[in-house]
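**Q** Let me begin by handing over the structure; questions about it come next.
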Amino acid sequence: MQNFKELGISDNTVQSLESMGFKEPTPIQKDSIPYALQGIDILGQAQTGTGKTGAFGIPLIEKVVGKQGVQSLILAPTRELAMQVAEQLREFSRGQGVQVVTVFGGMPIERQIKALKKGPQIVVGTPGRVIDHLNRRTLKTDGIHTLILDEADEMMNMGFIDDMRFIMDKIPAVQRQTMLFSATMPKAIQALVQQFMKSPKIIKTMNNEMSDPQIEEFYTIVKELEKFDTFTNFLDVHQPELAIVFGRTKRRVDELTSALISKGYKAEGLHGDITQAKRLEVLKKFKNDQINILVATDVAARGLDISGVSHVYNFDIPQDTESYTHRIGRTGRAGKEGIAVTFVNPIEMDYIRQIEDANGRKMSALRPPHRKEVLQAREDDIKEKVENWMSKESESRLKRISTELLNEYNDVDLVAALLQELVEANDEVEVQLTFEKPLSRKGRNGKPSGSRNRNSKRGNPKFDSKSKRSKGYSSKKKSTKKFDRKEKSSGGSRPMKGRTFADHQK
């Protein structure tokens with residue numbers, strides 16, 4: 001395996017990389033860096049987490065060291081990704097006098113103009129704000145020799161394809177080296193490549209990455225009204241270190257986040273209406289383990305590069321294969337195992353088959369956990385928490401109450417009663433989620449079939465026949481009967497085929 005120095009990287013940059021813990025290049029870095037140093041256009045197909053920032057960032061540092069003025073422009077789909085890329089570039093170039101400036105919406109443009117006037121070598125930004133600066137002439141393009149588009153398919157999905165074309169047209173073509181990285185290559189991106197890139201060197205690592213068995217993919221069949229309870233049962237059994245949960249709409253994210261918090265889970269939500277300050281706060285909590293569940297829409301999660309995500313839950317099934325690929329790519333990184341679970345209504349199974357056909361691999365059916373498994377998982381979790389609680393000093397007033405209770409009740413009965421309340425506390429919390437219609441059944445051409453209900457209000461959960469808002473559905477059980485270990489499970493329903501999580505662990 002070649003090291004960075006053998007690829008042509010300077011001692012100063014190699015020293016910075018080693019201080020960051022990077023001893024050897026990743027496959028995409030090994031394949032990209034030599035061509036990037038030669039000024040050859042690069043078309044890289046790779047998912048987030050493969051080291052693609054280093055693939056374009058490391059050689060870029062080599063090219064801009066000692067230069068004056070804006071030498072390179074990097075486009076990213078989101079503010080978070082722009083900030084992450086900029087931070088990595090600063091680390092790569094530590095001590096070499098390279099200035100990196102970020103420009104994106106949601107922040108005062110005057111501050112960005114002031115930073116641009118200082119002549120940074122590298123500008124990283126989102127398409128909309130970059131165009132603002134181009135129109136104001138606060139971003140000069142005459143000295144730019146390297147244009148990089150990171151996660152180009154995500155920018156396209158967010159409606160930036162025309163912005164990308166506008167920006168590429170503004171950078172002088174004669175001296176420009178273009179590097180475009182994308183997890184997928186839809187036709188619009190291919191057209192962009194054909195129009196603006198010069199015989200690019202194609203570097204592809206996506207197929208190997210996505211066939212990597214580090215990510216185990218499951219689906220579980222569940223009706224909409226039972227989805228939330230099934231989901232929280234999985235959370236109790238899986239005990240994810242960090243989990244990202246995907247909802248289809250902003251309302252779904254808000255309601256799902258509130259429901260999880262009311263059940264005692266450490267969760268926060270992200271969607272397009274969240275302010276930049278709040279987004280940064282939520283992401284900081286997630287990265288620092290203050291919360292372990294992040295609920296997000298596809299758009300809000302784009303560009304996030306968070307390590308350590310153990311589970312991805314598709315609470316709502318994605319409408320296309322590309323979204324599915326990006327969702328599950330948030331887990332199973334850096335050699336760690338990941339689990340992706342997709343909740344699917346019986347009439348949505350066509351979407352599962354479409355994803356399987358497109359990716360060339362099957363998902364495993366996963367039966368929802370039994371009540372006994374859920375309670376056992378909760379009990380194990382409570383035992384672990386009790387061990388932590390016992391290591392802390394209790395307040396004197398609580399010790400006084402404890403003494404009074406122990407004098408009045410048998411100690412075993414007292415502890416058992418308290419544990420029972422802790423284990424079953426979640427069951428007493430009522431939550432409300434607005435009913436969401438399943439996706440339309442797909443026809444033979446892969447598109448939603450039929451137009452019978454296109455203009456019909458039948459089945460629309462939002463309004464009743466008098467156009468009054470529905471109250472949605474509740475996850476609270478109608479029966480308040482306590483669970484009895486000897487009680488037989490309902491034999492009237494046929495068990496769903498597939499493995500339980502306990503089977504999976506075996």
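For all residues, glycine too, the Cβ spot is worked out from N, Cα and C.
OK, Swiss-Prot features for this one:
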MOTIF     2-30  motif 'Q motif'
DOMAIN    33-203  domain 'Helicase ATP-binding'
BINDING   ALA46, GLN47, THR48, GLY49, THR50, GLY51, LYS52, THR53  ATP binding site
MOTIF     150-153  motif 'DEAD box'
DOMAIN    214-375  domain 'Helicase C-terminal'
REGION    436-506  region 'Disordered'
COMPBIAS  468-480  compositional bias 'Basic residues'
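Walk me through where these features lie, including what they touch and how far apart they are.
**A** Away from its own ends, the motif 'Q motif' (2-30) comes close to residues 37, 44, 46, 50-52, 54-55, 58-59, 61-62, 65, 91-96, 203, 205, 208 of its chain (Cβ-Cβ under 8 Å, at least six residues beyond either end).
With a 10 A radius on its CB, GLY51 (ATP binding site) counts 20 other CB atoms from all the protein chains.
Sequence-remote contacts of a segment are chain residues at least 6 beyond its ends whose Cβ falls under 8 Å from one of its Cβ atoms, and for the motif 'DEAD box' (150-153) they are 48, 52-53, 56, 74-77, 81, 85, 164, 180-186, 189, 192, 302-303, 322.
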**Q** What is the number of other Cβ atoms found within 10 Å of the Cβ of LYS52 (ATP binding site)?
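**A** There are 26 such Cβ atoms around LYS52 (ATP binding site).
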**Q** Give the residue counts of the motif 'DEAD box' (150-153) per reduced DSSP state, in the order helix, strand, coil.
**A** 2 helix, 0 strand, 2 coil
**Q** Do you know the mean pLDDT across the domain 'Helicase C-terminal' (214-375)?
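**A** A mean pLDDT of 89 is what the model gives the domain 'Helicase C-terminal' (214-375).
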**Q** Taking helix as H, G and I and strand as E and B in DSSP, count the residues of the motif 'Q motif' (2-30) in helix, strand and coil.
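**A** Result for the motif 'Q motif' (2-30), in helix, strand, coil order: 13 helix, 0 strand, 16 coil.
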